[in-house]
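Lifted from Swiss-Prot, the feature list:
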- His58: O2 binding site (BINDING)
- His87: heme b binding site (BINDING)
- 1-141: domain 'Globin' (DOMAIN)
- Ser3: phosphoserine (MOD_RES)
- Lys7: N6-succinyllysine (MOD_RES)
- Thr8: phosphothreonine (MOD_RES)
- Lys11: N6-succinyllysine (MOD_RES)
- Lys16: N6-succinyllysine (MOD_RES)
- Lys16: N6-acetyllysine (MOD_RES)
- Tyr24: phosphotyrosine (MOD_RES)
- Ser35: phosphoserine (MOD_RES)
- Lys40: N6-succinyllysine (MOD_RES)
- Ser49: phosphoserine (MOD_RES)
- Ser102: phosphoserine (MOD_RES)
- Thr108: phosphothreonine (MOD_RES)
- Ser124: phosphoserine (MOD_RES)
- Thr134: phosphothreonine (MOD_RES)
- Thr137: phosphothreonine (MOD_RES)
- Ser138: phosphoserine (MOD_RES)
Amino acid sequence: VLSPADKTNIKSTWDKIGGHAGDYGGEALDRTFQSFPTTKTYFPHFDLSPGSAQVKAHGKKVADALTTAVAHLDDLPGALSALSDLHAYKLRVDPVNFKLLSHCLLVTLACHHPTEFTPAVHASLDKFFTAVSTVLTSKYR
């Protein structure tokens, strides 16, 4: 459960990210593919070379979904229901991959915002990404 302090940290961080969310999403996805090569199996039709336009475009989709989640912190299941359906029923993404991407998102944000990435912000973002991952995998059962 996200506390009021977590919600404040998440919204504040997302405000600071601003127009870079799509870039950071692409970078985190790149980082995921490089660090955890098995994640590439879901994208056989993509050019997965670092910085590819397809990876950047999908990273923007990830960032857009997270921006939606930030705007609906009190109703993540409602805000992400369609995305949960897509990943569970059509794409059948292994749930562990959400954890791997979450880790890479944290690393990417820490690299770009080292001063703002305090232990409290880190913990809040980790809880947020875990909550989003939980929603996205909730329909697997």
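Backbone N, Cα and C define each Cβ position, glycine as well.
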Same chain, 6+ residues apart, C-beta under 8 Å of the C-beta of Lys7 (N6-succinyllysine), given in sequence order: Leu73, Ser124
Cα proximity to Lys16 (N6-succinyllysine), best match among recorded positions Ser3, Thr8, Lys40, Ser49, His87: Thr8
Candidate nearest Thr137 (phosphothreonine) in space, where candidates are the modified residues Ser35, Lys40, Ser102, Thr108 and distance is Cα-Cα: Ser102
Between Ser49 (phosphoserine) and Lys40 (N6-succinyllysine), the C-alpha gap once rounded to whole angstrom: 11
The domain 'Globin' (1-141): DSSP-derived helix, strand, coil residue counts: 111 helix, 0 strand, 30 coil
Tertiary neighbours of His87 (heme b binding site) (same chain, Cβ under 8 Å, six or more apart): Val93, Leu136, Thr137
Modified residues near Thr108 (phosphothreonine) (Cα-Cα within 10 Å), from Lys11, Tyr24, Ser35, Lys40: Tyr24
Fewest other C-beta atoms within 10 angstroms, as judged across Ser3, Thr134, which are the modified residues: Ser3
